[in-house]
Amino acid sequence: MKITYFLINFLITASSVMVGLSFSKLARPTIPAIAHYFGTKGRYEEVNPHLLDDILFVNRTLVVPPSPDCRAIHMVSVIRHGTRYPTTKNVKKIARLFDLVVSDASGSASWLNNIKTWKMWYTEDMDGRLVDKGRDDHRHLAMRLAQSFPTLISEDLLRANRIEFITSSKHRCIDSVKAFQEGLHRLWDVQDMDYKHYVDDSLMRFFDHCERFVEGVEKNKTALKEVERFKSSAEMDAVRKKISNRLQIPYNQITPDMAEAVFFLCSYEFAIKSENSPWCDLLDESDAQVLEYKSDLKQYWKRGYGHDINRKSSCPLFHDIFKRLDKAANDYRFGEVKKTATIQVGHGETLLPLLSLLAFFKDENPLTAENFSSQHNRMFRSSQIVPYAANLVFVLYECSDRLRVQLFLNEKPMTFPSMNHSAPLYETVRKHYSKLLHGCDFNKECDVPQSNLRNTEF
């Protein structure tokens, strides 16, 4: 009988309790040497390793107001869902890899025996669902944000319906926003509060609604040609040959997808179960750098700077963020700010286009299949930008010299492009993005004339 992801989830939780562990109190596993290269499948703790010692630690020096006379009056946050199971597509890749290794790999190394005796426990019905670690990602993030900005997120404000929760329709996002609310419940020891959230895919999954993106990138086989070219590069060939030699399996059977499946399996085992899997022994650091670059190429050309429509598809979310900040600024001028915080939960695919639209992490040279060797110090690195539970937070302050805004990515302050102040005047930020604020029209950017539907190449 097929084990469903529900039973698997129960077994993982039960086993962790039996050995005296809890995902809320992070154990210190032997961290794979390649964990910093897992891209969008990386743990949040690799970006903020201090959380391994104290999952609720807040660095107060990073969240102090711009000056003593400033007071936070509003927050808008965009948060990626927490740690999840592989999608059905990746479960199938992992299953093919496992079958190949069990049937064809040879050798006497202990790590190979550990791989062969490893049990294939991923099932297709898991399909990207949130895992217990993912729930804890959001519970703990909620607690830290509430401690960082107590005037914006508090029990009284939540009871007064002054905090709004918005989510993508995907189950992993809905479960994440519920876990975020549970974190606040635990922090304040609340027993009698009803939580609400609103599903809004026009904001959290804007890419699905942008016809020019869907036709020109999503369905266009040539849009990711740099990724396909990198699959047949000398760097990828070297990775495949090393895996082939380690497993003593013919090189032609270790396809680029098989090599990537090894990488995925190592990352999933670590992110979901905090285990340094024997599958990680198949890859060294140079292999991981190549596979990370392949992943970043995909994100760059599908969600980042590769095609202009990738960024422009996020116009609805961009406008909504500034609309909320504008409303808070206006409310402040005429009395009390009605909403103090907006918590929005979406995807890595929500954050990367928005960050690109805002002109963050833009490298001087585009990422291509040919320039891997010159991109080791690239800014566009998904491992650092969008791990599980990645979060982008805008905080609006009322100060003696007018309103200021501060931006945080993964709980670290970020400076807006072309600005040298960590918390510039809000009007300066609006002026900087004035072309987008007065343009970036979703219909104009995303509608495809019927006569152009067949010509989808950029």
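Cβ coordinates are placed from backbone N, Cα and C, and glycine is handled just like the others.
Residues or ranges marked as disulfide bond by TrEMBL: C70-C399 (among others).
The annotation disulfide bond is assigned in TrEMBL to C266-C280 (among others).
Summarising the annotation, TrEMBL assigns transmembrane segment to 6-23.
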Cα-to-Cα gap, C266 (disulfide bond) vs C399 (disulfide bond), nearest whole Å: 48
C399 (disulfide bond) and C280 (disulfide bond), distance between Cα atoms, whole Å: 51
Entry from the disulfide-bonded residues list C266, C399 having the most other CB atoms no farther than 10 A: C266
Fewest other Cβ within 10 angstroms of its own Cβ, chosen from the disulfide-bonded residues C70, C280: C70
